[in-house]
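Trainee: Could you have a look at this structure, given as structure tokens, before my questions?
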Amino acid sequence: MDFHHSTSLTVYLLSILETISNVTLRANVIDLMELNDTVIFSCSVSSGSSPFSYRWLNGSSEVTARYGIQLGDGGRTLTIANVTRYDQGPYRCIVSNPVSSKPSQNLTLIISYGPENTTMKVTPLDVLYGSGSNLTLSCSAESSPSAQFQWLLNGTLLSNNGPELRLENIQANQSGSYSCWAHNTRTLRYQISEPSDITVLEPISGANITTTPNSSIIEGGSVNLTCDASGAIITREWMKDGHPLSAGGNIIISEDKRVLSINPVKRTDSGEYRCRVSNPISTANAKHGLIVNYGPDGMEIMGPSEIEVGQKITLTCSADSIPTSSYTWVLNGTEIPGHSPEFTKEKSEYSDSGDYTCTATNNVTGNKTSVVHKLSVKTEGSLSQGLSAGAIAGIVIGVLLVLGVAVGVAVYFMKIKGFFKKESSRSVGNTGKSSANGGGPGGNQPALCPPYLRRLLLQITGMMALSSVWRMSCASCLLKKYLRLIQGPELCRHHTIPEEGWWVSSAGEPGYFLHRVRSGPSQQPAWSACRTTHLQIPPFLGEKAWP
């Protein structure tokens, strides 16, 4: 028997792949300028079996194709256009095949940029600084490579370089606007910081006020007060006698308040003027006493216009004047020695009567003025004054009360007791006889008040009334003096127009007129009595008021 056997053959192809080694990363340029240059990376393998795959990393972040970034040659190349500071790496590529994966070395780019965000800082930070202070100015900027710094004052470059500027014992002439200038020598770019104003003030000292004119100030003129001081003056303020002054009326203040003008000057402008000058770090005050010279005016002479011979004369002259005036006295055209404002003489004489002229002279203003005072020297006792109106009223009321009581008593006796009635002869009893002398029973009774006693009583009553009248004229005088005074021939001559009065008179005889007059320097009302030949009996007295 014939057996046929078939045989199959399987062929296996065995591929042996080599692992990757020596992965190399290169760039066409490493030193780049931001936003200006483009970099191309290439990744290569020295040994290893293909196919290869590529992955790119920037640090730990994978780089993929996007705007400005391209992958080429199957991912073997990486292109970054217009690099920025954030593209500096480090970069690496990872190459893989089916049997291995191998990274390249790191590659970091140098990207130059800036300067940007340039800022300046002042230490210590303040608005104003006093002279002698120490300051430090520091400057910073974002830049690669690091920026170079220079300093500017008011836009002018200073010789100082570096990121720090020290100002020690700074003075007012160093005030100004400071800024720093940052420069990148690789990018050739520069930037200036925002300026910082530094104001250095000198403390104020030596404040003073000067006046123009510097001679005596006379009312009606003008004066300028100027306030000055050393140091930095920011504000000025004027005050008078502790109260703030502002422009208005005769006060004019300059725009910078340095000069205060007064025109015209008044006497009320005298006082203490103060100028306060200040800045935020110091204050100083200056004061000046302004004296306004004026006068003399408002003159008057104080003293009596009448005086009795032998009495002391005192006349006082006064005037409003700065400085105090000097005085001269003239009597009836004859100068009296001395320059006192008061004229005195212990014992007056009749020759001292006349016009007293007082002249006041101000030696600064050059003005003089005069006033006249009339003085009359009278005979002794001629100027004696009566009582006051109140005292007279009291006396009158008292006299009227006394008279009322006396009249009441008299009426009582006349009507009740028959004290003043004279009994007629009549018969008594049944004897039919009468007594011739009023004695005995049934005869004429004697008068209760004999005629001589009645006359005496009426005289006493009248004397009491007249005495009261005299006391109204001068309570301190004796009865004899009043009799002389009343009978004086010239008494009524001075009082021809009485203010008010009434007559005290006996019927048909010359009487005495009691009237009220004003006399003496004080012109106070007084009572006076004078004899007159005219007769008028007031109704309340009646014709039988006096015996």
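Each residue, glycine too, has its Cβ placed from N, Cα and C.
Automated prediction, rather than curation, is the source of TrEMBL annotations.
Heads up, here are the entries from TrEMBL:
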type     : residues : note
DOMAIN   : 36-112   : domain 'Ig-like'
DOMAIN   : 115-193  : domain 'Ig-like'
DOMAIN   : 195-293  : domain 'Ig-like'
DOMAIN   : 296-376  : domain 'Ig-like'
TRANSMEM : 391-414  : transmembrane segment
Trainee: Can you count helix, strand and coil residues in the domain 'Ig-like' (115-193) using DSSP?
Mentor: 3 helix, 51 strand, 25 coil
Trainee: How do the residues of the domain 'Ig-like' (36-112) split into helix, strand and coil according to DSSP?
Mentor: 3 helix, 42 strand, 32 coil
Trainee: Across the domain 'Ig-like' (36-112), what does the mean pLDDT come to, as a whole number?
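Mentor: Over the domain 'Ig-like' (36-112), the predicted model scores a mean pLDDT of 95.
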Trainee: Tally of helix, strand and coil residues over the domain 'Ig-like' (195-293) according to DSSP?
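Mentor: Breakdown, helix to coil: 3 helix, 60 strand, 36 coil.
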Trainee: Could you give the number of helix, strand and coil residues in the domain 'Ig-like' (296-376) as assigned by DSSP?
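Mentor: In the domain 'Ig-like' (296-376), the DSSP-based counts are 3 helix, 50 strand, 28 coil.
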